[in-house]
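Everything on this sheet refers to the single structure shown next.
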Amino acid sequence: MTDAQSVRDGAAPAGVWAAPGRVNLIGEHTDYNDGFVLPVALPQAARADVRLRTDGLLRLHSEQAGGGPVELAVADLVPGGVDGWAKYPAAVVWTLRAAGYGVGGADVRIDSSVPTGAGLSSSAAIECVVATAYNDLHGLGLDGPALARLAQRAENEFVGVPCGIMDQMASVCCTEGNALFLDTRDLAQRQVPLDLAGAGLRLLVIDTRVKHDLADGAYAELRAGCERAAALLGLPALRDLDPAGLAAALERLPAELRPPVRHVVTENARVREAIAHLDLGDLAALGPILTAGHASLRDDYEVSCPETDLAVDTAVAAGALGARMTGGGFGGSVIALTAADTLDAVAAAVTTAFTDAGYAAPRTFTAVPARGAHRIG
Ligand code: GAF
C-alpha cells in the first residue's frame, strides 16, 4: 500500500518509537580519531509518535518545548535553516532526502526524558528516534550502523556540529544489560555484559547542570587539532599511533598538540584495558581507569571544568571506586562507579560539596544499561 492510498483509507502509516540517551564509560574524544568507545544506553529516552503525511509538511511538536507545532516544508529544508530543538528531527528528514530516499513529511510528536544540555546525548536521541521511525514507516531497510551514520550526517551537515559517531551508535545499537564496545573506524561492535547489580555495584550519574557556551566551537577546534596532528605524523588518524611510539611521536609535534595527542592515545589504551577487565568479569577494576581518564581529560585534553572536577574529586573521596566526566565536556555529567552501599553517601557528598561551593544542586540518578532505538507501538 502506498502512503497516499493508506491516507485515503484513513490509516496513514504511524507508530511510536523510542531512542535512548547514553553515558560513555570510557573512550572520550576518541571517536573522531577512529578510536574505541564504550558507551551504555540510559533508560531515559526520546519517544516519538510519528504519522506520515502526503502534503510535504513536517509538523513537529515537543512536549518539553511546548507551544504550537513547528511547521516546515520538507522541500525547503536547508542546512543551518532551522533553529532550536526542531533542527534535530528536520536534519534527519533532510539527510534522508539528501541520501536519495524519497521521503516526505510527517506529524512528529516528541517527548524526551533525556536531560538536555547535560552531556547525555539528548540531541542524538531525537535524531535516532526520528531516523528509526522513518526507516520503519518507509520500509527503507537500513540497519543500525546505517541509521547511526545517517543521524551523524544529520548532525554534521544540517545542524553543523562536527561530532563523531559514538552517540548515534549508542542510541541505536546498545542492548539491555550491556555496554557497547565499538571500533569507530569500521563500526565493528561487541556487546559487553555489564551486570552492575550482580557485582554489587552502581553507576551514579551526576548532572552538574553546567553547560559552557564555548563548547561547540571548542569541540570543532579540538577535532581539527587531532586531524592536524595525525597529518603531521603521516597517519590516517590518531588511532594509528602505537602507544609504544608515543614519546617519539610527541617530539615531532608542536607543543600545543602534544597533550591532546597524548590523551587520545592513552584513552584508547584505557578502553582496551577496561574491556580486558570486563571480559574477566572484574567490573570493580573499571574504577581507577575512570579516574585516570578524567585526569587525562582535565590535564591533557582540557575539557573539564571546576564543577566536573569537584564532582569527580568528591565522589572518589567519598568512597566511589572511580569517577570521570562523560561526553564532550565543558560541563555536563559525571559518572561514578560505587559499591551499592556507598551510592547514597557519594551522591550526598557531591550535593553537599556543590552547595558549599555555591553551585546549583546537581541532579543525580543511577544508570542501568538499557536498549537502543526500537518501536514501542
Ligand atoms: C560528543 C560527541 F557528539 C561525540 O561524538 C564524542 O566525540 C563525545 O563528545 C566525546 O567523546 O558527545
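Don't overthink the numbers, they just go from 1 along the chain as shown.
For all residues, glycine too, the Cβ spot is worked out from N, Cα and C.
No curator has checked TrEMBL annotations; they are predicted automatically.
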Recorded substrate site member, picked from TYR219, TYR359, that accompanies GLU28, HIS29, THR30, ASP31 in TrEMBL: TYR219
GLY119 (ATP binding site) CB neighbourhood, other CB atoms within 10 A: 28
Pairwise Cα distance for TYR219 (substrate binding site)/GLY119 (ATP binding site) [Å, integer]: 13
For SER123 (ATP binding site), the three-state class that DSSP assigns: helix
Distance [Cα-Cα, Å, rounded] between THR30 (substrate binding site) and SER123 (ATP binding site): 19
Model confidence over the domain 'GHMP kinase C-terminal' (277-354), averaged pLDDT: 98
